[in-house]
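Peer 1: Before we start, here is the structure in question, set down as structure tokens.
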Amino acid sequence: MNLSLKNVWLMFKLRAILIVKNPTIAMFPLLAIGYVVIFKGIVSANRGPAMIWILSMAILFNTVMSGLMFSTIPLATEKENKTLFVLLNSQVTSREYMLGTTLFSVLTIVITDILAVLVSEISWQQLPFGGFLLLSIVTTIISSLIGDFVAIVVSSQTVASFITLPLMFIFAIIPMFKSFSTLAARISDATYSGIMMNFMIKSVATGKNGWSLSDMMLMIVWLIVTLLFLLIAYRKKGLT
């Protein structure tokens, strides 16, 4: 089956329109940047450890929460309104739909992550750009895959929103409290979002690339497992 770049672009634009028309979802990337701007002024006297902690929380907020919401809510809404059924019974394939919508999420969220770093005034010498960009992309993809999985297996947008809340807590909130709890630290270190946060903090603290081989392998496992779960859900239930 051939892949139509025109259809991929159409799905990209469709997802952009759906996000823009939903202020609740569209504001997530803006909140991440706003968080950095506000707290940068508060900790202006101590820009070191405090600033990277603030930035890492903003990045987690963006890559996890935006990643989940950008995929879960629009897909669940399109299913519920039967617009997805109409799309997939026209010339658009499931692959084109998934590729176009995921590309929008990745591009929007990764650009927001980069802007957040620039606003924080943490230099790319402190935070290696290559490693940060790669982890930002992979983390966003994993969040999007999880969001798509939820949207496929649930029956309505309301249920999708309800299920997404505990996922946000696990992947975005728990890593923020890893310094206060041993249990939270263990859970955080085992999550893809926790790896992202560890990379940022270690990189700025040591001046070197802050991820290890075990971190890389764990991220690959997360990517493969989430993709497999999504494929299984798709084969059993389909997108519509």
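Backbone N, Cα and C atoms are what each Cβ position is placed from, and that goes for glycine too.
As listed in TrEMBL for this protein:
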- 16-38: transmembrane segment (TRANSMEM)
- 50-77: transmembrane segment (TRANSMEM)
- 97-119: transmembrane segment (TRANSMEM)
- 131-153: transmembrane segment (TRANSMEM)
- 159-177: transmembrane segment (TRANSMEM)
- 217-234: transmembrane segment (TRANSMEM)
Peer 1: Near the transmembrane segment (16-38), which same-chain residues lie under 8 Å Cβ to Cβ, leaving out any that are not at least 6 residues past its ends?
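Peer 2: Those are 54-55, 57-59, 61-62, 65-66, 69-70, 73-74, 77-78, 104, 108-109, 112, 115-116, 119-120, in sequence order.
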Peer 1: Is it true that the transmembrane segment (159-177) and the transmembrane segment (97-119) have 3 or more CB pairs under 8 Å, sequence gap of 6 or more?
Peer 2: no
Peer 1: Between the transmembrane segment (217-234) and the transmembrane segment (97-119), are there three or more CB pairs that fall under 8 A, provided the residues in each pair are separated by 6 or more in sequence?
Peer 2: no
